[in-house]
Amino acid sequence: MLVPVFTLKLSHKLQPRTVALGRFDGAHPCLAAATQAGKVLVHSPHAPGPRTGGSRAAPSSQDAHVSLLSINQAVTCLAAGPLRAGLQRDCLLVGTRTHLLAYDVHLNSDLFYREVSDGANAIVLGKLGDIPAPLAIIGGNCALQGFDYEGNDLFWTVTGDNVRSLALVSSLLVGSEDFDIRVFKEDEIVAEMSETETVTALSPMYGSRFGYALSNGTVGVYDRTSRYWRIKSKNHAMSIHAFDLNSDGVCELITGWSNGKVDARSDRTGEVIFKDNFASSIAGVVEGDYRMDGSTQLICCSVDGEVRGYLPAGEEMKGNLMDTCAEQDMIRELSQKKQNLLLELRNYEENAKAELSPQLKEADGWRGVIPANTQLQTSLSVNLGSDSQSAHVELCISTTNDTIIRAVLIFAEGIFEGESHVVHPGLQNLSGCVRVPLTPPKDVPVDLHIKAFVGYRNSTQFYVFELTRQLPRFSMYALSSPDSAVEPLSFVSCATNERPQRIVMWLNQSFLLPEDAEFQSAPFQVCFTSLRNAGQLLIKIKPGGEICISTDDIDLAGDIIQSMASFLAIEDLQVEADFPAYFEELRKVLVKVDEHHSVNQRLTADMADHSNLIRVMLVQAEDARLLGDMKNMKTRYVELYDLNRDLINQYKIRCNNHTELLSNLKAVNQAIQRAGRLRVGKPKAQVIAACRDAIRSNNFNTLFKIMRSGVASS
């Protein structure tokens, strides 16, 4: 059994997901963590700690090895690492909802302190693409920003939703609140993986593999865009880290949980090879040579300040990290599997005897023996709904003879709560056909893993049929007549060199059509109605290869462009687009952003004036007290009380203004991202960069020209 090689107790409560390890003087490892009191703790067991005389760091009165940095704001993310090429020591990066601080712990001084209007929810340090300098990359309100050691903004792009996690492998991995993991190659999205909940943590492992954690307790491993494995727990994963704990040359996925458990799982299977328990939730998991003895330890910290270090297993413990209790649990689990397999074997043997014996064939009904040619068939169709049921996609599961379906289990990501759904008809409703309504909330292809129990009405044993059926990406759109549809005012049009027949092939694969569409001649037109909001979608192929997509939903237009480009292997695609209603809403949002900025500046100036007045009045009140002028002292303190109350009210107004500003900035960033998704490849990156330049220069007319045509000039 693996045991900690050191344990220590920090006399401070730590904030989850804000733990980092760095060599802030270039030689000695130090542990940095955000406390629940709005400070950053630096534990320096070997180094003397930050220099005195600076404005932020002060030694802790409770522990000689601990220094506390005053941040004066709630810390949202923390990281440590080299930010300046050639500088041998690490710097500390501290993110809050409004600012990013780069701090030189050794010199007790700020490298830079930058306001970030989109906030900092996650942070990672490293090199990105062809940018030569190391960057501090922060993820915030639908935006990513990268700063060099001087605080220069060298990288900026937008993403689909609020960023919750970041990791650097060969590319930048971004996990967000819209359940997606996006892979960025500099400012271009090269891959997207959809998950079932908010992506709260990402960790590079080795090669192209990385671990991930979701807010619903799921952890797993991806290799590029393919998921290797995942497990789900009733607890929340607070921190994940890659570390070779069993010394087999391959990193395991280390997970710290909200119930205080730490476990290590095989990168190949997800099997637990080690676990330990803390008395409180895990705050973070890092690695480093914390004892300075030449060996790297896995370091786990709890929110109560308990820190444990684990060494990788030695030769004598390889493959035996678990204690004897865990081995007994495994033996018990294998014994249970053995019993289940023996029971299944006995059922097969009895059924084989029934086939050979004429006397036993009468009992086939209750034995569960079904005809050898029994098959399970599935079909997907669009159901327009009724007064009692909304429109949906209908999955029909049926047998090919007189057998009945006793129960159906369906596993599908993102469709059902808990990812699974069971249909168990009552005895009086048993039949050979089961219909299941499906309403996918997002336009993504979904694999339906189906298990059906098939037998007869009186059967006590059932055959289990297993099959997989894919739900097309745009299954929530019903084919409708072009004559009855009103063509939307908004559209996207592009020209391609692809044969129309290939575009129709994409259409047949991506939509649920009663029968496959066939291309006869241009112009070709097909019309759909959304089952979610009854919105119209028209796809036209004009003579000359021009494709026009008409819809008032800019997200849907972007999804169609991306899906079509992926199917047709188009690397670069420029489009003309116009969404009048959406652009008008965006114009109103941009006006509100300007108003919020001006209100914020006015409130900041007023608060500064009030602060100066308070300073003057406090001196006057104290002078009056020392002179024994109680009447004047009382008057000054009453005025101070009124000023303080005004300051508090102004602060509340400023907080509300900032919340609304963040909401509107998120809408602006999402609009830029949506405009980018209407293009593919280089035109996409150019549109995002040009949109940001237009917003920086406050040129709204140019912004809308770029969104429409992809370039600034009309």
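Every residue gets a Cβ built from N, Cα and C, even glycine.
Not measured: the values here are computed from a predicted model.
What TrEMBL lists as domain 'Ciliary BBSome complex subunit 2 N-terminal' is 20-126.
Annotation source TrEMBL lists domain 'Ciliary BBSome complex subunit 2 middle region' at 171-265. Within the model, the domain 'Ciliary BBSome complex subunit 2 middle region' (171-265) shows a mean pLDDT value of 92, rounded to a whole number.
Feature annotation from TrEMBL assigns domain 'BBS2 GAE' to 388-474.
For the domain 'BBS2 platform' (477-568), DSSP puts the residue distribution at 26 helix, 28 strand, 38 coil. Look at TrEMBL and you will find 477-568 tagged as domain 'BBS2 platform'.
Residue counts for the domain 'BBS2 hairpin' (580-677) under DSSP, split into helix (H, G, I), strand (E, B) and coil, are 96 helix, 0 strand, 2 coil. Among the features that TrEMBL reports, domain 'BBS2 hairpin' is placed at 580-677.
Per TrEMBL, the feature domain 'BBS2 C-terminal helix bundle' maps to 682-708. Under 8 Å from some Cβ of the domain 'BBS2 C-terminal helix bundle' (682-708) lie the Cβ atoms of residues 156-158, 186-189, 572-578, 583, 586-587, 590, 594, 668, 671-673, 675-676, 714, all in the same chain and six or more residues away from its ends.
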Tally of residues which DSSP labels helix, strand or coil - the domain 'Ciliary BBSome complex subunit 2 middle region' (171-265): 0 helix, 61 strand, 34 coil
Paired segments the domain 'Ciliary BBSome complex subunit 2 N-terminal' (20-126) and the domain 'BBS2 platform' (477-568) in contact, 3+ CB pairs under 8 A: no
Proximity verdict for the domain 'BBS2 platform' (477-568) and the domain 'Ciliary BBSome complex subunit 2 middle region' (171-265), three or more C-beta pairs under 8 Å: no
